[in-house]
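Report on the following structure.
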Amino acid sequence: MEEWQRLLVDGIRRSDQLPQDWRLAKEGVEQKDVEEIFPVRINAYYQSLIKDPMGPIGRQVIPDPEEIMDMDSPLDPLSEDEDSPVPAIVHRYPDRVLFLVTNQCPIYCRYCTRKRMIGTPEGVVTRDEVEEGISYIREHQEIRDIILSGGDPLMLKDDYLEYIVSSLREIPHVEIIRIGSRVPSSLPQRVTPALVSMLRKYHPVYMNLHFNHPDEITPETSLACNMLADAGIPLGCQTVLMKGVNDDPAVLKKLFQKLLTIRVKPYYLYQADLTRGANHFRTPVSTGLSIMREIQGHTSGMAVPHYVIDAPGGGGKIPVLPSDYMISMGDGDVVLKNYEGKIFTYPDPSTGGETMEKASSDGNDTYRETHPQTMHPGMIDEAR
């Protein structure tokens, strides 16, 4: 048995294994009631990071009675099942697909968008379903980009994972293979020389990692990420904004800066999805916008991810930006406000007097029309 497998075996799989000071009950609902609907897994490595059960690490994995006090939200908030032509494939965007190859993870995150299937008997991905997914990709020549996900693909044994990756690499129209994984942040011991040696044979391979808090960056995770980067695998991070975990600009700024030191580029900051059993993690969108204002310009652009909402009902990822960066666009000038609140004008040769209203005629009314003529005179003077 390898070390990572031992850490899984030695971890927590039932609520009655939780330390006494991790026990929670609310309004007559206990953790064992949660476990009956949403499974529990905390591997021994990740368990060692938990100093406070209500702290930012503990909240991510310790079952909370609030999970089953919210049973009205959708089980499938992103309508992935509706975009699934065959069981293991989600084909939402024209040239890429999500390929769900397992329903196992190194930890079972309590906020997971796919908690309806993770760790459940009903969610198991069979070998036949994987074969059907490979056949679907082979038959659809418009698909150039594959995202392996689940569950966590790195929970598969090396030989089975290699079978999937090598089968995809043999398809002529598949250009990019991406792997979405929580392993480097939550079970870094799984990143072995053998795994890395196997993956590097099938470039271009990219990895989308998942870190939510700076305390998840340890010597072990640093080693895992550096091994992957040394193998030529570009690493990005997808972080979820969560109440009580990282809804603080100082925490996220520290996380994003530390990620760069272990060769991981912050890629997305997700607004938490409207997922049944996870709404107690959601923050107002205004919180995310405020955090982005606090980060943008106050640290390297390399450390600033895209803040996005994965639109309910299958609308896909939509970037969300603080609207006050662009004050107006008209009369050939674009008036901008920087991170310090200072106003600047950019002479725009292409608009020919085009107004903000015309520029947003596609129906997107996210940004409010503002014209230089209606601005405070002092702002105009400073801008010019």
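Glycine too: its Cβ is placed from the backbone N, Cα and C atoms.
Pulled from TrEMBL:
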type	residues	note
DOMAIN	91-303	domain 'Radical SAM core'
BINDING	CYS105, CYS109, CYS112	[4Fe-4S] cluster binding site
MOD_RES	LYS317	N6-(pyridoxal phosphate)lysine
REGION	348-384	region 'Disordered'
COMPBIAS	355-371	compositional bias 'Basic and acidic residues'
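A straight line from the CA of CYS112 ([4Fe-4S] cluster binding site) to the CA of the residue listed as 'N6-(pyridoxal phosphate)lysine' spans 16 Å. Excluding the listed site residues CYS105, CYS109, CYS112, the same chain places ILE107, TYR108, ARG110, TYR111, ARG114, LYS115, ILE118, ARG182 with Cβ atoms within 8 Å of the centre of the [4Fe-4S] cluster site Cβ atoms. The separation of LYS317 (N6-(pyridoxal phosphate)lysine) from CYS105 ([4Fe-4S] cluster binding site), Cα to Cα, is 23 Å. Under the DSSP three-state reduction, LYS317 (N6-(pyridoxal phosphate)lysine) is assigned to strand. Neighbour list (CYS109 ([4Fe-4S] cluster binding site), Cβ cut-off 8 Å, at least 6 residues apart, same chain): GLN60, VAL61, LYS115, ARG182.
Its Cβ taken as reference, CYS105 ([4Fe-4S] cluster binding site) is surrounded by 25 other Cβ atoms within 10 Å in the chains shown. The recorded positions in question are CYS112, LYS317, and the one with the fewest Cβ neighbours inside 10 Å is LYS317.
In the predicted model, the domain 'Radical SAM core' (91-303) has a mean pLDDT of 98.
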